[in-house]
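Asks: Structure in structure tokens, see below.
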């Protein structure tokens with residue numbers, strides 16, 4: 001190149017001659033460029049420089065090619081890792097939402113009982129007896145009541161009347177039975193168990209007799225799954241239905257507020273979903289949720305009584321990964337609020353403690369949740385408030401094909 005010629009000129013300028021200067025000197029022309037030298041050694045050095053430059057640029061190209069090859073191999077590896085990660089995430093989601101075809105309530109119940117027998121925690125006789133019971137419960141579609149605790153609300157009512165110095169006022173739901181997850185739905189059944197709790201309260205209220213004519217007893221989880229599928233077949237929430245491939249029965253699918261809404265509305269029970277889609281207080285807290293629930297219980301119960309046993313149904317409370325049932329709210333002397341929650345993860349043995357009279361209130365720790373302890377990003381509640389006519393039900397079915405949630409700004 002021109003730089004090279006310059007370089008040679010600089011080093012050997014005094015020896016370079018122009019071609020054909022006619023003074024009889026022997027001239028040597030470079031085979032790679034038009035440079036002419038008067039000395040063979042200079043020409044050799046000059047040609048070596050050409051070759052070095054050539055090898056240098058060849059080397060750069062080779063290095064570039066190698067770098068590109070390594071980069072594309074790295075890209076390929078990352079892509080396949082990404083795909084693998086996505087596949088695993090999808091499988092995890094399917095497992096989490098119970099859509100991995102690993103069986104549902106019945107399969108899980110039997111499998112977990114067999115495990116208990118294998119570990120020596122259950123006698124084979126007990127296994128066969130419980131298997132017969134569970135088969136009967138599944139055939140009838142009625143919950144076997146083995147995880148149910150009744151009478152807690154009534155016990156709370158009398159506890160608050162006699163005790164609790166720091167509570168200024170307390171509002172309680174109408175009677176609610178507590179249901180907890182069993183061997184058949186451990187890890188995924190919370191939505192169904194909360195529905196059973198809500199239903200247990202509605203069944204004690206004659207106002208809902210007409211809607212619940214066909215549901216006089218608490219349905220089992222597989223039965224609730226079929227009831228939700230029935231609601232989808234009627235046209236409720238097609239978007240949600242397609243998320244579950246229109247099938248819940250025989251799966252370990254988690255359900256949430258939308259499925260509860262569809263199910264209740266299909267039974268002509270008037271309810272609404274309210275979405276607390278972002279924190280409304282410091283440190284990721286949700287004071288608006290607490291105020292909303294206080295208003296729900298106290299709206300028609302303004303009287304001066306310290307303990308207000310309302311006729312309000314409990315509230316279904318959902319957040320990412322878990323749901324619970326709100327059964328009341330305390331207002332402390334310092335005006336702070338505290339929710340009372342039934343958790344399906346809480347066992348009968350723990351719940352039974354709340355039934356003992358003259359309790360010192362330590363059992364209440366299971367139920368109490370202050371503003372500072374509800375810090376999920378989002379909460380949804382489903383509240384029940386009356387009965388729908390057939391026309392209203394049809395209108396809500398049509399509306400659910402677009403949207404079922406009202407956002408609290």
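For all residues, glycine too, the Cβ spot is worked out from N, Cα and C.
Just so you know, TrEMBL annotations never went through curation; they're auto-generated.
Okay, so TrEMBL annotates it like this:
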REGION    1-23  region 'Disordered'
DOMAIN    30-50  domain 'C2H2-type'
REGION    71-91  region 'Disordered'
COMPBIAS  76-91  compositional bias 'Basic and acidic residues'
Asks: Using DSSP, how many residues of the compositional bias 'Basic and acidic residues' (76-91) fall into helix, strand and coil, respectively?
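Replies: Per DSSP, the residues of the compositional bias 'Basic and acidic residues' (76-91) fall into 16 helix, 0 strand, 0 coil.
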Asks: To what whole number does the mean pLDDT across the domain 'C2H2-type' (30-50) round?
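Replies: Mean pLDDT across the domain 'C2H2-type' (30-50) comes out at 82.
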Asks: Using DSSP, how many residues in the domain 'C2H2-type' (30-50) fall into helix, strand and coil?
Replies: 11 helix, 2 strand, 8 coil
